[in-house]
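TrEMBL has this to say about the protein:
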type	residues	note
TRANSMEM	21-44	transmembrane segment
TRANSMEM	56-76	transmembrane segment
TRANSMEM	88-107	transmembrane segment
TRANSMEM	127-151	transmembrane segment
TRANSMEM	163-182	transmembrane segment
TRANSMEM	202-221	transmembrane segment
TRANSMEM	265-287	transmembrane segment
TRANSMEM	307-331	transmembrane segment
TRANSMEM	361-382	transmembrane segment
TRANSMEM	388-406	transmembrane segment
TRANSMEM	467-494	transmembrane segment
TRANSMEM	519-538	transmembrane segment
Amino acid sequence: MASWAGQPSVKGSTESMRMALLTFSLVGIQFTWGIEMTYCTPYLLALGLTKSRTSLVWIAGPLSGLIVQPIIGVLADRSKSKYGRRRPVMLIGSVLVAGCLITLGWAKEIVGHFVEEGEFRRSCTVALAVVAIYAVDFAINAVQACCRSLIVDTLPIPKQQTGSAWASRMVAIGHLTGYVIGTMDLVKIFGPSFGDTQFKQLTLVSAVALIISCGVTSWAVTERVLISGRDADAPNKGIIEIIQHIFKTATSLPPRIQAICNIQLWSWIGWFPFYFYSTTFVGEMYFRYDAPHDVKQSKDALGEIGRIGSLALVVFSSVVFFGATILPILIRSPDGENFTKRPPAAIAAVLTKFNKYRPDLLTAWIWGHCLFSSSMILTPFAHSFRSATFLIALCGIPSTLSSWAPSTFMGMEVNRLSTPASSYRRLSITSPLELASPITPTTPTRLEQGAIAEKEDNSSTGELSGLYFGILNIYTTIPQFIGTFISMVVFALLEPGKSPELAHDADPSEHHGTDGPNAIAVCLCIGSMCTIGAAFATRRLRSLYRDG
């Protein structure tokens, strides 16, 4: 079985500081995702792509998640680097993402340096932009895989719930920061020195933010070093063997892990169009129903739609951040006990009554699916910026739960696979146990390898987190292919031409009409119906926990 050198540790004098440093990399990752989701769809439309062709570009996300995260997860699981298994990938990947982002922002200038003006230059610009988007998605998926696995690897079992809650907060902060910056006119504030368009300056800011955030987490965390292990002792396995290993594991998952994956499968058919098209949806509602004439004729329509869409998503992200802060207090953690400490007599009755009515995380997750579904099913009836923003904002709480719950339950189950029932502790968000810095061998978890690990034929805690989180990501990406196909068909039927709001260089005869239902709203509505399936799948997971 696996043997390790050293113990995982996180810098910081308090548990809150250590949790913040451990999860800080997610701020940069989510900031980057936010910029891509906010601006890249209108950016591609501005280059002259139709919505149906743009939807094909977004196969990059699910394709990279399907390929990169599981393979990188397995390779990182086997790594014997003296710097740890996750941090080298995080740092190298963040630098690659930064380079691709800058290439995306300056695609026109790069192509213009080599190709003369004309239709061929426009085609080359589109091609370079699409390649850059694919490269960003592939590289950032590798970074994200290791950031998530690092949390599972580092935290003791009773702190997996708390770590996932902190990860949700950092995701919310990344979202909120990105969208707030997106509402600003950066060219007016900083001048053209860092780029003469909003999009260029945002790609530059995103590149710097990702490198800094991953650098901070890598500096703060010390990983264990893998000396030997079941998979690490077979480093010469090729890609085919790795894929076979992933496939074999994915087709024989434990029941609870399979249930978590099923929830992701259903829910992400709904979340995919939301994350990739909501900004464009809000911007189109504004341009079609609320915008004055001079705004419609703006030379930087991309910037205008991006800023309006970002304003709506600032409201959404504020709700996400509020939820990530408040919900862990209001919701019972999985397997949580009523109290881990005796409360003061003066408030014991109040706390007892409060705890009696606190919903558990699975129940809250079910209601989150229902709220998302009921909000998005109304999008075809939104005919103003305000109504579209209101519907987007309602999805803030479901978004918090969709980020928090899967990681929590997957982290629990991955650790349970390597923890004997006799040594497994019930989880409680109010547990008085603090994450020591460094984590000491006396911590009652399986982070360390001791005599028990030598006797048991089990993986160490977090040893295979890269594999299982990679498989979870497969179930997150498969519905994105489904969502891409649905959106491609809807766009081809309802809005087959180029965007009248963005594609100003195109002949007016090539623009699609705006009299019928908004195609993005129809995609959001279809996705909302699939999310109902996620609610039933979550009920199935709850029954598995109740049955023991």
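Glycine residues also receive a Cβ, built from the backbone N, Cα and C atoms like all the rest.
Unlike curated entries, TrEMBL annotations are predicted automatically.
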**Asked** For the transmembrane segment (519-538), which recorded stretch in the set 21-44, 127-151, 361-382 gives the largest number of Cβ pairs separated by under 8 Å?
**Response** 361-382
**Prompt:** Would you call the transmembrane segment (163-182) and the transmembrane segment (56-76) in contact, using three or more Cβ pairs under 8 Å, pairs 6 or more apart in sequence?
**Reply:** no
**Message:** Restricting to CB pairs under 8 Å, which listed stretch, 21-44, 88-107, 127-151, 307-331, 388-406, is in contact most with the transmembrane segment (56-76)?
**Reply:** 127-151
**Prompt:** With pairs closer than 6 in sequence left out, are the transmembrane segment (202-221) and the transmembrane segment (467-494) joined by 3 or more CB pairs under 8 Å?
**Reply:** no
**Request:** Give residue numbers and ranges for long-range contacts of the transmembrane segment (361-382): same chain, 6 or more residues beyond its ends, CB-CB under 8 A.
**Result:** 263, 267, 270-271, 274, 281, 285, 327, 331-334, 388, 391, 394-395, 397-402, 404-405, 408-409, 517-518, 520-522, 524-525, 527-529, 531-532, 534-535, 538-539, 541-542, 545
**the transmembrane segment (265-287) in contact with the transmembrane segment (202-221), cutoff 8 A, at least 3 CB pairs, sep 6+** = no
**Asked** In terms of Cβ proximity under 8 Å, which residues at least six beyond the ends of the transmembrane segment (202-221) contact it?
**Response** 8-12, 18, 21-29, 31-32, 35, 39, 84, 87, 90-91, 93-95, 97-99, 101-102, 104-105, 140, 143, 147, 150, 154, 177-178, 181-182, 186, 194-195
**Message:** Within the same chain, where does the transmembrane segment (307-331) have neighbours whose Cβ lies under 8 angstroms from its own Cβ atoms, ignoring anything closer than 6 residues to its ends? I mean 6 or more beyond.
**Reply:** 34, 38, 42, 161-162, 165, 168-169, 171-173, 175-176, 178-185, 198, 278-283, 286, 358-361, 364, 385, 388-389, 392-397, 399-401, 403-404, 429
**Intrachain residues whose Cβ lies under 8 Å of the transmembrane segment (21-44), provided they are six or more past its termini** = 10-12, 54, 57-58, 90, 94, 97, 101, 104, 126, 129-130, 133, 136-137, 140, 143-144, 147, 150-151, 154-155, 163, 166-167, 169-171, 173-175, 177-179, 182, 198-199, 202-203, 206, 209-214, 216-218, 220-221, 275-280, 283, 301-302, 305-306, 309-310, 313, 499, 502
